[in-house]
Structures are given as C-alpha cells and as structure tokens.
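TrEMBL annotations:
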TRANSMEM  12-30  transmembrane segment
TRANSMEM  42-63  transmembrane segment
TRANSMEM  75-95  transmembrane segment
TRANSMEM  101-129  transmembrane segment
TRANSMEM  192-215  transmembrane segment
TRANSMEM  235-252  transmembrane segment
TRANSMEM  273-293  transmembrane segment
TRANSMEM  313-330  transmembrane segment
TRANSMEM  337-354  transmembrane segment
TRANSMEM  383-401  transmembrane segment
Amino acid sequence: QWDPMITTPPGLYLASVGVVKPAAWLFGWTGSVVCSAGMLRFINLLFGAGNFYLLYLLLFKIHQKNKAVSGFQRILSTLTLAVFPTLYFFTFLYYTDPGSVFFTLFAYLMCLYGNHKTSALLGFCGFMFRQTNIVWTVFCAGNVVAEKLNEAWKTELQKKKDEKISSRKGSFSDLIRMLQFLIEYLISPKNLVTLTALIWPYIILVTAFFVFVFINGGIVVGDRSSHEACLHFPQLFYFLSFTVFFSFPHLLTPTKIRKFLLSLRKHPVQYSLITVISWFLIWKFTYVHKYLLADNRHYTFYVWRKIFQRHELVKYVLVPVYMFAGWSFADTLKSKSIFWILMYFLCLLAVTVPQKLLEFRYFILPFLIYRLNIPFPALCRQLLELAFYIVVNALTFYLFLNKTFQWPNSDEIQRFMW
C-alpha cells in the first residue's frame, strides 16, 4: 500500500523488499517478522556499514597524493564521518537518509575512478531515495568538467608563462581573465564534444529527471502542499552555521579568526557589500515553514524558537557569524581548484536554497562531501571532532529514549529527534 502523503520515490521500500523477501524465503520467516520495525530498521544498519566502507575508500582516493597521512588517520576520519550525528541517528530508524547517502557516495566514488556509466546508474538509485540527489549527479559530472577545465587552464598559463596567475586564487583581474577563459572554453564546439563524450551517462540521467518533473508536474510526489520550492537564500547561511558547529575543531580556531579579522581589515568595502547583500537576502527571502513552528519533536523547532524568535533583529545580527562561517568554509577548500569550488558551490545552492523547510537532514550530503574534500587536519583536532560527535550522539539518544512526552490531542508517545 502507498500512503499518498509520502513525498519521496520508493527506493527505500524497493531495497527493503530486495533484502527481506529472499531472507524470508531462505529462513521461512512469516510476514509479521519480515515486516517488523526491527527488520526494516536492519536495512539501514546495512546501509550504515556500507557508508563506513565508502567513506574510507573516498578518503583514500581523494587524498591519495598526500603521503603524510597515515592509515590510522584515515580510519579515524572514516569513523568520525560514519558517526556524524545527523546521519548516525537515522541509521537506527526507517528513514531514507542512510540509503540516500550510500548510493550518492558510491556514485561519487565511481566517478572519481572514471566509471561514469556505473556512477550514473548509482546516481539513479540515489534519486530513487530522494529527488534532490539529482544535484549530486550533476556534481559528479561537474567533477569531470572541473578537472578538464583545470588542465586546460594550467596549459593556458604555461603558454603565456605568467607565473603571477594561479589556478586557485588570485586578484579581481585574474578572476575576470579566468571567466573569459571559462566562456571561451565552453563555447568551443570541440571542447563541448569532448566533454559530452565523457559525461553523457550523467546527461541522460539529468534529461530523464527533467522528463519526470514535466510528467509529474513538479519534483515532489505525494504531499506537495508541504514541500513547495522557493528561493530561500538564508538556507545557505544556516548550512554554513551548521558546518561550523560540526567542524569547529577545523573551522573555529584562533588562527582562522585572526586571518578572518585581517581579511576584514584589508577588504572593508567587499565585506560591507557582502553584509548589505546578506541583509537584503534575509529581509526578502526568509521563509518559515509551518512544520518548523508546529513540530516540537525536532531540534530545529528549538533552534528557531530560542534564537531566531527572540527578536526580529536577531536574524540580521547573525550576519557577521554567517560571514565568518562562509570565509572559514571557503578557506578550508583552497587546496581544491577554483573550478571545483565553483561547481561545488553551485550544487550547494541548488540543494539548499529551494528548500522552504529548515531541516538538518538536508545538510547531510553537502556536509559530507565538503568534509571529505578538506585537507586532513592534525590528529588532535580529529580526536576532538570524534569525541564531540560521540557526546552529541549520546545526548541525542538519551533524549530520544528517555525524555518522551505526549501531545494534548494524541495518545502516541512523542520523542525528541533531529
């Protein structure tokens, strides 16, 4: 039976049938055992184990040139990301998140190894768990394009023997020059043919997605009234704050704060302009979903009530925090090429901004992909991050299991959760 309120495709349910039906046939289990809550939640434990292995393989592949990283550090980072609180919590419930993360990370891994047809197929599986995962299919295609662009840009610099221009960072004039190069590269039929030959599996999948949206009359299936797309730009600010909170050992350091203040002093005009634009985006594009105000089971309800609803001006006062978060976030990615950063940022906008509801689960994949791509931190910071995640998980499970409550109009037990 299909509940018309369900808003995602049936990926999790098809995967469940694929696992429990053969198990039931093999062990002679009855329907009540096969379709029990415990058995269905066991599916996500399998995805959780798969995620652990995929995170390890991705860390190994992305940082394979860094010979200074020990095997212990890789395992420690893998363990830390595997127990990332928002994802780890839902590994023990029957939610789409572990499966969604599994197929998306698997698609990303295959993309990095150049198996683009497999990557696109896994991207389709990820889409079947959550429609917004199509953005990460575009991200995989963007990885290929960014790599080719970076190679061509380095060749361009070599030709002109201009040592002052870097493929990663530069002045405003360098940025203009890079944009000119980008436009010239992408309007060349020869380059377009080369890129299309590389990323055609992703193009087919994205085309099929648009056909689905056209036939379906929108991206959402089921209860569309509660999941309307809009331009909710402050979602980007919430994501950056979320990332600083969960990566504070790497992003919230005295060195980074000093560097940010120095940058602030050197570029007051640019930061003033960013502040004004941020205020405008908050003023015109802040949306408050009815679930955020009504559902007191979720932590976002308390974040909104305790912080944002204290005063009308709070959301504007927080802009300096967002600016530091954004600067620190970008600073940790400076080891990546400018084309990769641009591609990731566009995907980040596409996956966060259209969401009206502030929901921490929507930040899991962009956070993991960001965290996988930053340089390996010092061992003490990794240990601090892991210890922090363990404490947060312990508190979350304690509240979920022991601090139950009831709504006045319902006999069901309610629990605090992400």
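Any Cβ shown, glycine's included, is placed from N, Cα and C.
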Worksheet item: At an 8 Å Cβ cut-off, counting only pairs 6 or more apart in sequence, do the transmembrane segment (235-252) and the transmembrane segment (101-129) clear the bar of 3 or more pairs?
Response: no
Discussion item. Using a cut-off of under 8 Å between C-beta atoms, tell me which stretch among 75-95, 101-129, 192-215, 273-293, 313-330 contacts the transmembrane segment (383-401) the most.
Written reply: 75-95
Worksheet, complete the sentence: Among 75-95, 192-215, 273-293, 313-330, the most Cβ pairs under 8 Å with the transmembrane segment (101-129) come from 192-215
Worksheet item: Sequence-remote contacts (6 or more beyond its ends) of the transmembrane segment (273-293), Cβ cut-off under 8 Å?
Response: 226, 230-234, 237, 300-301, 304, 315-316, 319-320, 322-323, 356-358
